[in-house]
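This is the structure, below, for whatever I ask next.
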Amino acid sequence: MSPLNGVARSLPRPFQAVARRPFRVAQPAVACPSNRRSFNHSRSLRSTGSQSPAPSPRDSSNPALSFPCLDAQEAKSALLSARSLGSGPEPSYTAGHHERFHSDEPLLLDWGGLLPEFDIAYETWGQLNEKKDNVILLHTGLSASSHAHSTEANPKPGWWEKFIGPGKTLDTDKYFVICTNVLGGCYGSTGPSTVDPSDGKKYATRFPILTIEDMVRAQFRLLDHLGVRKLYASVGSSMGGMQSLAAGVLFPERVGKIVSISGCARSHPYSIAMRHTQRQVLMMDPNWARGFYYDSIPPHSGMKLAREIATVTYRSGPEWEKRFGRKRADPSKQPALCPDFLIETYLDHAGEKFCLEYDANSLLYISKAMDLFDLGLTQQLATKKQRAEAQAKISSGTNTVNDASCSLTLPEQPYQEQPSASTSAEQSASASETGSAPNDLVAGLAPLKDHQVLVIGVASDILFPAWQQREIAETLIQAGNKTVEHIELGNDVSLFGHDTFLLDVKNVGGAVRKFLD
């Protein structure tokens, strides 16, 4: 990837302000990125007399702005195009050395898909004891790899580096910690960028729709392989917080303690909307090519923009007020439509850094799995029925069990911008507002009534707002759980929003360590 870094360093300089004198504008030639033409004109502006004639196409009132941010994207596309023709598909997704579990046993997925075989990438820290009862399964967020902490084989710092190790949150003197790259990912586990063994071509968007529960079932295949009958604890943050709860619901007899940080028991409209927007931006990139881009230019522009949207949801407004305020990157220059304010340059950097580090299709599939997440009993029963029907088709010899057809369903009437008179207070209020969790969710979390559960939320989190963690705790209490612990970090403790679980070793790490001990 080093040539791309060179491109980033040689980006065109932002549009510079032109010195002006009263009643006269002298404009130099300005390159227009869209058509590469130059305009060279000088024209007098009179304060009195007859009205000036309308500018002709060759004599514009002002020069066109330059767009170095678009130039950079075009340059990157050109470089990737040349590279893909000369050295095969780009990029290669990897997080470094990891172990790999391969299962030859087919995996039936919740929505009817079938993986004839699959791999799960994983890494471990600490020592597995003789009874194999000191295992902590660490679940990741959406785009993380199995590399949660550095290892001898891969010394690069992991995404939870400060939380894992001797005497730390996940104490490797006591516990054997396992972290996997989720099913559907691109860091060693089977996903859209994996070759389909049926035809030798990459799955791309032929990969079946996934659920969080599918990911957990694949993880437990790994545990079976390692001879781990029961986990000491299931720990996760963000999407990992979903997985941690799902592990307990799916395998209540195989999970001890449960930790869910900045997660939820079911996805809610705001979070779904933000992930949908990211997917739409990505899919509108022409290079996405309906998912079949592996032998050509990856949709780096769509990925960049999707990551920028995601970054807005990962942090908090109050933090950015303190960190960036209204500062511009260079106040001496004329405002530009490309990144100009410090916050814009921050988002631009976040998107640029990510756009070739992660597979676009993995982002689509895994984010959709998050949207589909619902531990309510109704959804669990519907899924059980779907799986039974799919299994019956497989047993009868039907080859295709996955219905890949879909339709764009739009409302017959325009949406109302205000709640209708028929909307009940129960429909409008969350569990945290009413003090009563939905009966369906209470029934769905009943398998966890005898588990020790720690739920942590962050007041400044806008992606998984703190009321969603309160909903988990209140639901568990109503389901009969008498030991659930709920901690909410206020704005006086953390302004880092959803990313707090990655940064706050003292409050997040301290609470988890105390709970595990």
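A Cβ is built for glycine as well, from the same backbone N, Cα and C atoms used for every other residue.
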Suppose you had to name the range Swiss-Prot annotates as region 'Important for substrate specificity'; which of 1-4, 125-128, 141-144, 357-360 would you pick?
141-144
How many whole Å apart are the CA atoms of ARG307 (substrate binding site) and SER238 (active site, nucleophile)?
16
Where else in the chain does the region 'Important for substrate specificity' (141-144) make close Cβ contacts, counting only residues six or more beyond its ends and a cut-off under 8 Å?
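159, 181, 237-240, 354, 358, 362-363, 366-367, 370.
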Relative to the Cβ of ASP499 (substrate binding site), which residues of the same chain, six or more apart in sequence, are found under 8 Å away?
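Residues satisfying the criterion: TYR314, ARG315.
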Going along the chain, which residues six or more apart from SER238 (active site, nucleophile) have their CB under 8 A from its CB?
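Expected: GLY141, LEU142, ILE261, SER262, GLY263, LEU463, PHE464, HIS498, PHE501.
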Please spell out the DSSP helix, strand and coil residue counts for the region 'Important for substrate specificity' (141-144).
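Secondary-structure composition of the region 'Important for substrate specificity' (141-144): 0 helix, 0 strand, 4 coil.
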